[in-house]
Every structure is written in C-alpha cells, then in structure tokens.
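Take a look at the structure set out below.
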Amino acid sequence: MERRQDRIRNFCIIAHIDHGKSTLADRIIELTGALSEREMQDQVLDTMEIERERGITIKAQAVRLNYKAKDGKEYIFHLIDTPGHVDFTYEVSRSLAACEGAILVVDATQGIEAQTLANVYLALEHNLEIIPVINKIDLPSARPDEVKKEIEDVIGLDASDAPLISAKQGINIEEVLERIVRDIPPPKGDDTKPLKALIFDSLYDNYKGVLAYVRVFDGVVKPNMTIKMMSTGAQFTVTEVGYFKPGMLIPCEELRAGDVGYIAASIKTVRDTRVGDTITDANNPADEPLPGFRKLNPMVFCGIYPTGDTKYEELKEALEKLQLNDAALFFEPESSAALGFGFRCGFLGLLHMEIVQERLEREYDLNIITTAPSVVYRVTKTNGEVLYIDNPTKLPPPNEIDKMEEPMVKATIMVPNEYVGAIMELCQERRGIFKDMSYIETTRVILTYEMPLMEIVYDFFDALKSRSKGYASFDYEFIGYAESNLVKLDIMIKGEVVDALSFIVHRDKAYQRARKIVEKLKEEIPRHLFEIPIQACIGSKVIARETVKALRKDVLAKCYGGDVTRKKKLLEKQKEGKKRMKQIGEVEIPQEAFMAVLKLEE
C-alpha cells in the first residue's frame, strides 16, 4: 500500500556563492508552475534587499511545489533554500537536517570551491542523498568533463551521469526534477507517534507573531494543540499551521509526518523558537528531542554607537527589531567615555556583522560608528578564576593574569597552484600553523591551517582575495582555545587612556600596530593651543609616541627693534600661559579620528 509520504520529496540546494543556486531554484519554481509568469522575478527566494544585491542567501526559506512526474504520479516537493556562507553553518546544518536529499550545484567554469566542500561534508554527515548537477554549461569556458572528474576525486561522488544544465537558459531542468523523484528517498516517520518537529528557521510576522519553520518527523500538528519546546520547556497554543508558496503563506488543516511548513502560536520573540529545537505535543510529549541542537554562541564582538543625528533609542529599537528575525544577534548596552552610549553586539562571524551593520544603515536609516571587532578571549587569573572577555576594557590588570587564550579556527583554503606561495606567506604572517596540503587534479591546492580567529577577523578575506587575484576561496570552523602571548594596547592622549581605542593584540605585532595608530591619530587630531602627546602603551610601558605640536601666537610681532630682555619677558609669559593651558585644556577628539583608526585596524 502506498503511504502518503511516498510522494513527498524534501531537498535543498547546496552551492558556493555565484554557482547558480538561486537561479536553479527560480527555474524549478517556474517549471512546477508555482508562480504565474507575471509574478516570476529573479531570485524569488531571496527576499531581503541585501540578499539580492550581494547575491547571497542569508535566511533559509522553504517552498512547497507540486510536480507531475513522467510516471504519471503527482509528487509534492519541499525545496528548502539554505544560506551558503560560513557564518551561517549552523543554520545550514539545521536546514539540511530537515531534508532527505541535496542537489549539489557546481559551476562548470569554476569547479569545486571551499564552501561547496564545507556544505557537502555537512550534507554527508546528515546522510543525505546527494545529486551532483553541473550548471552554466551554456558558457563557452565550461569544462563539464573536468568538473565531473573533480567531483569524483575531491568528494568521492559518482558524477558520471550528473545532469548538465543551464539554470539561466532553462536547459535540462526537467532532468533534475526527475532525478529528485528517482534518487531522493521519501521521508520516513510515523504520523501515529507523538509529535516531533524540527525548527529550522523562524520569522517574525507583524500579524501572526513568530512563525516557526518546521519539518515534521513524527506525529501530526494542528491548530488548538498545545505544543512544547523541548530545549526550554516553554508551552504555546497553536493558532495556525500551513505551508509555503513562493512569497505566500497558505494555511491548512494539519501538518503530518514528512511535511515542511510553518506553525504560528502567538509566540512573542524569536528567542523562544530556537533554530534546531524540537517541538512536541505538551499533552503527549516525545521521549527525546531530535539530535543536533546547540545554543549559538557569538564569536565576534564589536561596539555599535549612534553618531550624527541618530538617537540611542532609535538604535535600540532597530536592534530589537533585527533580533526578532535573527536569534543569533546578541547585544547589551555599553557606554564609552569617547563615544557616549551605545551597544556591545555579538555576531556569528564577519559576514553576519557586516550584514547587521548594513541593515541598520539601510533599512533603518541610522548613522552608526562601529568599534574594531574583537573576539572572545579566555583569561585565567592568578587566583584560578576563568573569565571570558569580549571587550578589551574589561581585561583585568596584567599582574592578575596567569594566562590568556584566544579562539583558534581551522581554515580551509582552495587556491590555484600559482598563488600557493603568496597564500602560505599570508597565513604565516597571520600566525597560521600549517596542517595539510593536498592537490585537486594538478591545478588547484587545498591548504589547511590552524589560525587565531583574531587574525581572520580584521581583513583576512580581502588580503586573501587580493593576493590570489580573487581566485582563492576560504572557509573556517572554530576548533577551540589555545594559549597565546597577548597584550592589551592602550592609547593615551594627553596622559588619559581613550577607552574606545584599546584593543588586545599579539605581543609580536604590538609595536607595528601602535606605530601606525599614533601616526594616524597625529594626522587626524587638529592642533590645539598647547601640545598634545599621543602615546601607545602596554601596561605602563610606552612603546610609541607622537606629539601634536601647539599653535602659537607670534607675541614678538609688535617689538620691532628693541631690547632682547623685553622679548624674553613676552616669550616667558607665553610659555607660562601654555603650561597652564596644558594642565587644564581639554582635547577635542573628532569622530573622524576614531573612524580613521578603526578603519586602519582593518
């Protein structure tokens, strides 16, 4: 007897940036007739303006499509669109857990890239059936046969009969759909067991509250049921369930095992629907949650302060709204003597940080200034206490610190042969430890390094691209903490420490860094009527200094000839005045000076 599930296929599309994932999704949506031609637009699933502009997918999306296969049966497809970027690896892994299969899109002109690898390994960990598809075969520079061989060599997937498609021209898309029906297994699961549903994303809707995007593994969920989140124990009453059509929510009576859809239960914040959590029936709960849930910890921190005509309250409101849709964003109020009141924010990684900053500026029209990004250090004090420090100003004094550890990542870099030297040199400059090197065919190399996250946070990505003329691709994962010789560098202006400019740096690099900063500040701080010393120090030892010279009035202008003692008297008087001014004068540090130094940090 055929079960209802036998006609369901849950799958996602994995690809490196720009290999044509969203375009393929567009074609599949078009072919299955989910949208009329009038509603069709490019990158249907990328709803955020930034997603379209950068050509990246940030939030996971899911759509239900109906497909009449060549065997005459009608199938239900659930296409779950995943983010492709390293910062969102956890979201990707949850989206993959909601599927039984994945389509691996590889660009016929580029071959395999670092992020493709990272996501494929994730898919293999979840035991997904992977269908390799070679895209962009309409381009003159396409080399499908080499790419097939590459897929076999590097990933070990049989790609001999991989569909050759062009998502842009719509060539061979049917073949992909038939392969989905043929190769991807239908969902397992039993709708008579207690409810188990995996949350793989959540979205805040102004009318319905938080919508949890779920994949139902066992059981049934329908309105008026009481559901329970297994990680927090919070309970809610379901108000509506349904599934997704592109850009629309379609309410339905129930979601059964194997279905992908949404649950609305008048939940107030996204915090309550944690990605990766299991939803179960409060009256008949499941014994244990689905595996793989973990709490997201921010890896990169920076301060965000309002500037110009932006008010603190506006910034707070904007961050709260962003947080509704972005459970990984963390922020707490912070004040700095130099920048006033603002927030300390935590992010999953660099791209996440950039996107949040960009959304604040674009969607909420705010003027903000961000301090240099820092990572979370683990500090062991001499009395044995262990602290996690994300803000250099909170570091205990040097005499109380027993050891400092910094987060390390495993970086995988794929690079063409001719740039290997340059890239290895870059990794060494960034205190990387060489681990492994392997060749793909004869033209490309996979390098594996262990590196401090701190070195990647600044501008590793840009440096990598510029030294490899844009050909290298890169992926990283956190592996743990390692002890390191770190110091806190303070910048003193006229003898006072400026908190916004303090940062933690490796001892070997402290001097160059300090030199650069004091020189930059000297250019940026306007001259006052007294001289201003700018010093960079570690503890009480000054390691670099510049002085902004004083402006002086020409007091001798009115003495034409005259006696030298008269001139001396006037000069002495001026000197006295300057000395007094220096004691009581305040230094105005313009906002531009901060910006310049923080940019130089990069």
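Cβ atoms here come from the backbone N, Cα and C positions, even for glycine.
Database features, via Swiss-Prot:
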| type | residues | note |
| --- | --- | --- |
| DOMAIN | 6-188 | domain 'tr-type G' |
| BINDING | ASP18, HIS19, GLY20, LYS21, SER22, THR23, ASN135, LYS136, ILE137, ASP138 | GTP binding site |
For the domain 'tr-type G' (6-188), would you mind checking the mean pLDDT of the predicted model? 73
Candidate with sparsest Cβ neighbourhood (10 Å radius) among SER22, ASN135, the listed binding-site residues: SER22
Tell me which residues of the chain lie with their Cβ under 8 angstroms from that of ILE137 (GTP binding site), as long as they are six or more apart in sequence? ALA108, PRO144, LEU164, ILE165, SER166, ILE171
Helix, strand or coil at ASN135 (GTP binding site), per DSSP? strand
So, three-state DSSP: helix, strand or coil for SER22 (GTP binding site)? helix
